[in-house]
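Beneath this line is the structure, given in structure tokens, with notes to follow.
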Amino acid sequence: MSVLSPVIAIVMTLILGAVLFTALGVNPAQALYVYFVEPVTQLWSLEELVVKAAPLALIAIGLALCYRANVWNIGAEGQFTAGAIFGSAIPILLPDWDSWMVLPLMLILGVIGGMLYAAIPAILKNRFGANEILTSLMLSYIALLVLDWLVRGPWRDPGSFNFPQSVTFSDAATLPLLVSDGRLHVGVLFAVLAALIAAIRLSFSVQGFAIEVAGNAPRAARFSGFSQKRITLSVFLISGGLAGLAGICEVSGVLNQLRPEISPGYGFAAIIVAFLGRLNPLAILLAALLLALSYIGGEGAQAELAVSSTVTRLFQGFLLLMILGCDTLIAYKIRLVTSRSHASGEAARG
Amino acid sequence: MVDWPVVAAIVLTIVTASTPLLLAALGEVVAERSGVLNLGVEGMMAIGAVSGFAATHATGSTFAGVIASAIGGMILAVPFAVLVINLSVNQVATGLSLTLFGLGASAMIGDKYVGVPGIKLPQLHIPGLSDIPFIGPVLFGQDGLVYFSVVLTIAIGWFLTRSRGGLVLRAVGDNHDSAHNLGLSVLGVRWAAVLFGGACAGLGGGYLSLGYTPLWTENMTAGRGWIAVALVVFASWRPARVLVGAYLFGAVTILGFHAQGMGLAIPSQFISALPYLATVVVLVIISGNKAMLRANTPACLGKPFVPTR
């Protein structure tokens, strides 16, 4: 039954889309076609779909672990940015270093950057009890401002005619492509790998069990000796590391340089991906493809129908509201109780 | 020598930077006192900002804009209330999705207003009093929403501690089972509190697009809704302390920019990061004081109420 709620939510979002496009004076059938079907009819847009889904999936897998443990990391956008900054330090500070070690070091630094940045809210929560929702989000804003400062200040390419961007990465610092031409980079494999590992660990390891217990029954977790603080720190580190990996992969594999805006809100859209995938790592891969579709469809709709691409974010938010609502409608049986039948039921029981 | 007109100008900008935070945080205090944690403040503020701007643009009246911003915030609170109060959905997740939805919807609605010049809320001048040096412009030269936010602080403070309605609200927030057994309508009180919170967040957003910077840009709320949520914790759910906190945050925001203007060589990004950094620091300091937090947090905050019979 639980598979049903994302499906209903998607259908509801499509209905909203049809209504919205009609209100905007666009033929709804054509608009929905451009939005959700056209991107999967061509090879290049299919590749684009996978390239956009990869960071969403990587981030969402980490977030799913957090949410399963009832730990609310919503600062993935910041951890993504921190990973991108840390990893980019090598090609920007040592542009002439040409070695096979460059790329692995960049990826490792990216993971470390994301982990360090995620450790801050985790430690503040464990040590001082500071609400991780607010601290992780505030840190996201700060990370974006630091990135902005770097690419306009110390890390700006001197030859960029004052454009806020870093130097273009050398070949040694660029993620290799999976197939000789096109856009599919190796980073896509990381997402699949992370999903497999996370799925196996969640089902078959003590840590996976501890996360589950801590989320569903904190008291039981305490009695069985699982430390809530350790779980909080570890899920934050894992999700931060994955977000950082997504960040450096995006910069190295797609953009090839640092810019003020390196993400169209992946860190926030990944929250939706995590819930749409029912916090299940394998289902998250599918959910990430769907959200990626909404990004590409939004660009297509803007080009072909002159509909603002902002409609994408409206769809995404609505989708999450619907998923959450449908979950309850499926978990509970709705019974309308009027005050009279209520009273008679009372009497019958009494 | 202190340059009084400059100081007065700085204080004026602090007031305009603080008022959106104050309005939004006051609404959240009421919602949280009834036991509902609404993390959708950022989204409701964004909708308030765009509806206020749109209504002002359409009618030419900032008053209509202010009303529209409150209604806009309230309308966005409706799906939240249905999910959280009637369907007992997780409040954190729903609030997050409300923020994402509100930001998306506001960007969509506001798309045609980008770059359109807005109309600023008129300042209410009181003849005679407004002309007093320094005190005049600061105390008697503000726009109507500033005065309203101060009156609202006092009114909510009175309501929560001195009125029967406030007692009911706090009872629902502190122990919904007992309140239900006393015959109080837990769901009804929470609905009213969430709608009120939505209207206040909408007003706060409206102040951004009508008073603080009279124009519309996407994401113009820039995390202020989240800062407002943090302010409620900072203020330990008391309206008077919310006022103090909001003005402290407004001062941090504005003084940074003035320090830069006076020739302090700090990159502007670091100045912009100050309010976010201050929020983290304040949360850490406040949360360290466990005894005080425990005494003030509404006991049923964030817990869904499922009436058994």
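Quick reminder: no glycine exception, Cβ is built from N, Cα and C everywhere.
Annotated features, as they stand in TrEMBL:
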- B:6-24: transmembrane segment (TRANSMEM)
- B:36-56: transmembrane segment (TRANSMEM)
- B:62-85: transmembrane segment (TRANSMEM)
- B:92-110: transmembrane segment (TRANSMEM)
- B:144-161: transmembrane segment (TRANSMEM)
- B:182-208: transmembrane segment (TRANSMEM)
- B:220-237: transmembrane segment (TRANSMEM)
- B:242-260: transmembrane segment (TRANSMEM)
- B:266-286: transmembrane segment (TRANSMEM)
Top Cβ-contact partner of the transmembrane segment (B:6-24) among B:36-56, B:62-85, B:92-110, B:182-208, B:220-237 (pairs under 8 Å) = B:182-208
Inquiry  = Restricting to CB pairs under 8 Å, which listed stretch, B:62-85, B:144-161, B:220-237, B:242-260, is in contact most with the transmembrane segment (B:182-208)?
reply    = B:62-85
Remark   = Within the same chain, the residues 6 or more beyond the ends of the transmembrane segment (B:36-56) and with Cβ under 8 Å of it are 20, 24, 27-28, 62, 64-73, 75-77, 80, 84-85, 91-92, 94-103, 105-107, 109-110, 113, 118-119, 190, 193-194, 197-198, 201-206, 208-210, 215-216, 219-221, 223-226, 228-229, 301-302
Key: For the transmembrane segment (B:220-237): best-contacting stretch of B:62-85, B:144-161, B:266-286, by Cβ pairs under 8 Å   = B:266-286
Remark   = Within the same chain, the residues 6 or more beyond the ends of the transmembrane segment (B:92-110) and with Cβ under 8 Å of it are 37-47, 49-51, 53-54, 76, 79-80, 83-84, 216, 218-219, 221, 225, 302
